[in-house]
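So that you can see what the record holds, here are the features copied from Swiss-Prot:
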- ARG94, LYS98, HIS100, GLU120, ASP121, LEU122, ILE123, SER124, THR125, GLY126, GLY127, SER128: 5-phospho-alpha-D-ribose 1-diphosphate binding site (BINDING)
- SER124: orotate binding site (BINDING)
Amino acid sequence: MKTDIANHLLKIKAVFLRPNEPFTWASGILSPIYCDNRLTLSYPEVRDDIASGLAGLIQDKFPGAEMIAGTATAGIPHAALAADRLSLPMCYVRSKPKAHGKGNQIEGAVVKGQKVVVIEDLISTGGSVLEAAAALTEAGCEVLGVAAIFTYGLPKAAAAFSEAGVEYHTLTDYDTLTEAALAGGYITEQDAAKLKEWKADPESKSWMN
């Protein structure tokens, strides 16, 4: 499954690998990879495999789930598709409460004590999805964990999830994608070495040499 999803992301160009022309993240980090999982929605086969994968992941890792929550906005469609396959209720969590109306941060019929799994499309540092999990906890839900399509596998994210005490699982990851890209001829051995070096220390620029 991990390799299949990685190949999907590479084929539809949801993931770009540019070891020699790095992208600049909002945080200022120079990165050899850019991931846009929103593109997966435009490809029915890919979208279906992701929905089935997330549903299976939740059944396997979080069998007690009673509600699926999507992070706004990228996690919403994937949460809806997975919830449909699992025949479970679904809600979504805004990054902050609305400035008008009822001022909701969580949209949907959420019941206190409900066991919830949060779906995110991409995990970089983990900040946004952990904020969503915190909002659900504050609303009285029991957050079982997080399911996502892809993770960069950065140490900072692992530390953040550990500190928050939140379990997380993904359909594929950075290492699997790098291996698939090399096997598929998307990158060279030299590129793969740069990608590995970047992951070890994303804030360093030594991998660019």
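Cβ atoms here come from the backbone N, Cα and C positions, even for glycine.
A coil conformation is recorded for the residue listed as 'orotate binding site' in the three-state DSSP classification, outside any helix or strand. The Cβ of the residue listed as 'orotate binding site' has TRP25, THR151, TYR152, LEU154, ALA157 as same-chain neighbours under 8 Å, each 6 or more residues away in sequence.
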